[in-house]
């Protein structure tokens, strides 16, 4: 065998050895280093394109750095969800007179999951459901004129994922009154409606959510949340307002929204959309369209504890009235709208004057003072109502009146606002109709845009149903003022629970580059080959 062949054989042995013993080392390179520039040039397949490289310290240099940070952040958020909604779908529904004129949605809790029909309340924080009941509303469908199946009661002992919250937990407000830190944390919530409350124990369990994506295996999530085991309810909660529970959407740390944002599952924002026919949508993480109008939430006593906005003036048609500025709570958990006394009087008097009718009447059983009878089953032209916010943002109330039906059909209507007891008004769910209302909790802003809630998917490809379809829960086909076999329920007014908001903590994934270092034996072999040629 010649020396040349011997050297070539040695070289082959070295390469075989290298293939099985090659090692990897990790070395972090700055993206604008000279080594990275050389690597970028070497891998470029288009020699006609010049590889640009920003000068260190230039504007382009820092723009590239920021752009890269955003790209890495999006990579990190790629494993999360753009939007979430209850596992049974994003639909909401108004159940009319039987259920206090509030909007409801179905949610699933626990393992195995149990469904609950909960009222949506932006004016309070806690999610609670009837549980191990001592004093709860009737759950039988026969009690309500608009259900065809019984409502459910939650039992923590039947859920393998339930855990009691102890008195030592940082979200246990009643911890100081407990006899032991290990004792289960009690809760009591009093709402604005007189003598209306819920009390029981705090529990941690999973809330089943969906992102509506195409890959069903990755579209559902079981989010651990704190909820109230509502053992005892009082007032309106015994007569039909939220008989199967209440979903608090407020700013408090104990709210589901705060929990989802803290876990970085979605952006710290949500939207509610209500149609005139009583249907609607709810989305967690929705920040609204770029074209929406916005106004900032304002603090009370220096704290942001509820969704309060400042109204600069109210307008009836083209007349913007003096002494109609006020602060108001934006609250889906209040059936109708309440204004401070002075603003209320000025607005209703101007509305009455511009309506151009003398057929003012009183409808028995309805709370409004300014009501009107109509003839020939036709509504007259109703004056427009507009709320003015700072920076010329305007909110035109889609439907400021409430129709009254009798045995012969449409009998009349009422101007659907009431006087508030104090100096804080409430913009209730009836004045949210026709809008996609966005509660941006990170930036402490309220956004609104005209929307048909059924068509939201066309704008941002927003999912309307879970990826894996589940049998729909029964909901009434239409909203009725008095359902046969049902009962009348007074309009609901939600409460406010003081607490602090929580924001998601940003996190970044650093980029890494890997290089293979060849052993010096390869260089020695090449030298031997060249010297033997």
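Including glycine, each Cβ sits where the backbone N, Cα and C put it.
Some features that TrEMBL has for this protein:
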| type | residues | note |
| --- | --- | --- |
| ACT_SITE | 121 | active site |
| ACT_SITE | 331 | active site |
| DOMAIN | 103-449 | domain 'Peptidase A1' |
| REGION | 462-483 | region 'Disordered' |
| SIGNAL | 1-21 | signal peptide |
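Counted over every protein chain shown, other Cβ atoms within 10 Å are most numerous around 331 among the active-site residues 121, 331. Rounded to the nearest whole angstrom, the C-alpha distance between residue 121 (active site) and residue 331 (active site) is 7. Confidence over the domain 'Peptidase A1' (103-449), given as mean pLDDT on the 0 to 100 scale, stands at 93.
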